[in-house]
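Undergrad: I grabbed these lines from TrEMBL:
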type: SIGNAL; residues: 1-20; note: signal peptide
type: DOMAIN; residues: 17-212; note: domain 'GH16'
type: ACT_SITE; residues: 98; note: active site, nucleophile
type: ACT_SITE; residues: 102; note: active site, proton donor
type: CARBOHYD; residues: 106; note: N-linked glycosylation site
């Protein structure tokens, strides 16, 4: 069973470190069957991917119109090429709204890519990508989505890495009228996830395992914007860790048939 042979001591330590949240009460397993398992008293959730099932996923029982959503995650160690581990909020239907965090796997020794996107009425195209300043497979780290009428803020260990402002006044779509649930999943995407699909999933390394704990969803989003320190940290992340920004995409260059979104011009 490879990676699933977690020692009882390690498993107990993972569960003991989690807080009193209860996945049994808070979420529903949506796909993957036994490849999604709630462990212990409900404070730890494990997603597994192998060839018998292309992954697994779950969603919150409640939906929200604005809020702050925190999840601690420990990603797949070793060769995770071709895998995508996610944490996001989304409404339903073809005209859905969505705020995405997707962790794109890598070959051993290469950094994970954190891919973020914002969809409004089914339309995305507002990606930002990052290489994190730590190894997300060694320990749990906290990933947060703050969504309020003014802006969307994505944070890692309370450090802001992305801000998407409500600029409807200049014609920028903004998700503000559809209730969303919290989702998470682990799935096989080796046609695009790692180096544009050039590096495939190595099934000899399966099963691939990701852990979730300390899920907290609050209708009170706690913050409307960034403090002076938060702005400095955001600037640091943009300079040191951001590897892709949609406004700088060459598709939006001078003379292009694909003009940049209005917020990029602003």
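Cβ atoms here come from the backbone N, Cα and C positions, even for glycine.
Automatic, uncurated: that is what TrEMBL annotation is.
Computed from a predicted structure; not experimentally measured.
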Undergrad: For the residue listed as 'N-linked glycosylation site', list the number of other Cβ atoms lying within 10 Å of its Cβ atom.
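TA: Taking every protein chain into account, the count is 24.
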Undergrad: Cβ-Cβ under 8 Å from residue 98 (active site, nucleophile), same chain, 6 or more residues apart: which ones?
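TA: Looking at Cβ-Cβ distances below 8 Å from residue 98 (active site, nucleophile), excluding near sequence neighbours, one finds 88, 89, 90, 91, 117, 118, 119, 124, 175, 180.
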Undergrad: Average the per-residue pLDDT over the domain 'GH16' (17-212) and send me the rounded value.
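TA: That stretch averages a pLDDT of 93.
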Undergrad: For residue 102 (active site, proton donor), write down the residues of its own chain that are at least 6 apart in sequence and whose Cβ falls under 8 Å from its Cβ; none is a fine answer.
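TA: Spatial neighbours, sequence-distant, of residue 102 (active site, proton donor): 84, 85, 86, 88, 114, 115, 116, 117.
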